[in-house]
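Engineer: One structure coming up, written as structure tokens, with questions to follow.
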Ligand code: DX5
Ligand code: ZN
């Protein structure tokens, strides 16, 4: 298994929305990416933040943004997040009938392109699309809410993706999202994930930056010992 150094992406979904800039600065210098969950009350029942908040927040930090769009009609909205300076824009496979075309649009708008696979979606039909993508986000819960319990069975998709990425020598991050914490990150890393979203485990901690460093250390050790 060839895995680059792990990325840890705190999810601001678990932060205090009344103090977003401060909460983001609390992980500056520790976080590799900042995970921004955009939910539209259609693709998922929950409703969070959208483009204006991302635009304002972009000016408040140096951390690259990893935008996770849980929205319907991503072809209409996703490029706006790339234009707003997001480093990576991920949309859901279930919400898009031409993922490769949207990945191209995102790349031409200057962002990395990410494909997200929700809990009940098999990975196999999407493996052949991966050369068009920079990140593959595999949900380890059902998308929609933070603070849910990690589902270890979903790591089978991570293993399948890792085999495919390694055998095809693809340059692609395999990211896991949902229930990632000190007691779950090692198994996700051993399965082949190399980017880790963590909401509750970071913003529920007394020292969010320290929580990020601890998670990265655990992921590194799990891969070194694999
Ligand atoms: C849920 C979001 C996640 C969420 C994870 O649909 O995509 O990014 O913030 O939160 P935790 O880490 O608490 O499971
Ligand atoms: Zn997310």
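Just so you know, glycine gets a Cβ as well, placed from its N, Cα and C.
Annotations for this protein, taken from TrEMBL, read as follows:
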BINDING   11, 68, 144, 145, 146, 147, 177, 178, 179, 199, 200  substrate binding site
BINDING   35, 37, 68, 177  divalent metal cation binding site
ACT_SITE  37  active site, proton acceptor
ACT_SITE  177  active site, proton donor
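Distances, neighbours, how buried they are, the whole picture for these features please.
Structural biologist: Secondary structure at residue 177 (substrate binding site), as computed by DSSP, is strand.
Taken residue by residue with DSSP, residue 37 (divalent metal cation binding site) is part of a strand.
The number of other Cβ atoms within 10 Å of the Cβ belonging to residue 37 (divalent metal cation binding site), over all protein chains shown, comes to 24.
Cβ contacts within 10 Å of residue 177 (substrate binding site), excluding its own Cβ and spanning all protein chains shown: 27.
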Engineer: According to DSSP, which kind of secondary structure is residue 200 (substrate binding site) found in, if we only use helix, strand and coil?
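Structural biologist: Note: residue 200 (substrate binding site) is helical by DSSP.
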Engineer: Counting across all protein chains shown, how many other Cβ atoms sit within 10 Å of the Cβ of residue 11 (substrate binding site)?
Structural biologist: 23
Engineer: Based on Cα distances to residue 35 (divalent metal cation binding site), point out the closest of the binding-site residues 144, 146, 177, 179.
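Structural biologist: Result for residue 35 (divalent metal cation binding site): the nearest of the binding-site residues is 177.
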Engineer: Among the binding-site residues listed here (144, 146, 179), identify the one with the smallest other-Cβ count within 10 Å.
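Structural biologist: So among 144, 146, 179, the binding-site residues given, the one with the fewest Cβ atoms within 10 Å is 144.
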Engineer: What is the maximum Cα to Cα distance, in Å and rounded to a whole number, among the residues 11, 68, 144, 145, 146, 147, 177, 178, 179, 199, 200 annotated as binding substrate?
Structural biologist: 16
Engineer: What is the interatomic distance between the Cα atoms of residue 144 (substrate binding site) and residue 68 (divalent metal cation binding site), given in whole Å?
Structural biologist: 11
